[in-house]
Amino acid sequence: MRPYLDLLRDILDHGCPKGDRTGTGTLSVFGRMMRFDLSRGLPLVTTKKLHLPSIIHELLWFVSGSTNVRDLQRHGVTIWDEWADDNGELGPVYGRQWRNWNGAIDQLAGLVEQLRRNPGSRRLLVSAWNPSDLDAMALPPCHYAFQCHVADGRLSLMFQMRSADVFLGLPFNIAGYALLTHMLAQQTGYEPGELIWCGGDVHLYLNHLEQARLQLTREPYPPPTLKLARKPGSLFDYRYEDFVVEDYQAHPHIKAAVAV
């Protein structure tokens, strides 16, 4: 995860002070990219411990189409609680857009079908940015779209973020989309290729600066590996226990407040 550490350093060295919706304040840069070769391991940050169950359950929650945090809470995952209403609802966020766009289109099912039938297509896209639904969302999508690409028997995925909380959120996003790439590749008969991240407003909150500096003092460990324990019948049939992450060695967790 050297690219991630380089990004932290880039923001600390070149970021511009900027106000934000939460009132916390940020150091921000604009327009950045990172690439990860998934054949070399799973891109999990090792300079602080990540809570892997939250990453896996969040991805499965997105894929299921759910928008209610109670479906996460039953697995002990609380990362979305701050934005939910009294009934646990978040409005038409990621799961709704991926699985039921405008009440009619299952984008994920369509993507899998196209990967099987027309893998050379340049339209292998899924979007969560639905302008007609934005006002009803508890939080508009930060990672708003992803695109797949197939070449030389490998499936690669690029995802775009309009806003990237680099210390807290981005490590989860990178890991989650890496898992999704493995799932899509397995379901469609390819090897996992590259994971590519593109960020718009890429920032560190001002109350995360010391934590970022601490992370930069730590030497990263080799990346862990991912094995999928079985091949489910469809993209929508994966379970938590299907994801076997081996040799994840990491430095201790670093506590930081979420900007709501």
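Placed from the backbone N, Cα and C atoms, the Cβ positions cover glycine too.
Feature annotation from Swiss-Prot assigns active site, nucleophile to C142; the stated evidence is sequence analysis. Summarising the annotation, Swiss-Prot assigns dUMP binding site to R21, R122, R123, R162, S163, A164, D165, N173, H203, L204, Y205 and lists sequence analysis as the type of evidence. What Swiss-Prot lists as (6R)-5,10-methylene-5,6,7,8-tetrahydrofolate binding site is H51, D165, A259.
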CB contacts under 8 angstroms to A259 ((6R)-5,10-methylene-5,6,7,8-tetrahydrofolate binding site), restricted to the same chain and 6+ apart in sequence, sorted by sequence, are D20, T22, T24, D165, Y205, N207
H51 ((6R)-5,10-methylene-5,6,7,8-tetrahydrofolate binding site) sits from R21 (dUMP binding site) (Cα to Cα, rounded, in Å) at a distance of 26
Three-class DSSP assignment, R21 (dUMP binding site), comes back as coil
Same-chain residues at least 6 positions away from H51 ((6R)-5,10-methylene-5,6,7,8-tetrahydrofolate binding site) with a Cβ under 8 Å from its Cβ, in sequence order, are none
Of R123, S163, H203, the binding-site residues lying within 10 angstroms (C-alpha) of the residue listed as 'active site, nucleophile' are S163
By the 10 Å Cβ-neighbour count, the most surrounded of the binding-site residues R21, R123, H203 is H203
All chains considered, the count of other Cβ atoms within 10 Å of the Cβ of D165 (dUMP binding site) is 24
All chains considered, the count of other Cβ atoms within 10 Å of the Cβ of S163 (dUMP binding site) is 20
Fewest neighbouring Cβ atoms within 10 Å among the recorded positions C142, Y205 goes to C142
Once DSSP output is merged into helix, strand and coil, C142 (active site, nucleophile) belongs to coil
Once DSSP output is merged into helix, strand and coil, A259 ((6R)-5,10-methylene-5,6,7,8-tetrahydrofolate binding site) belongs to coil
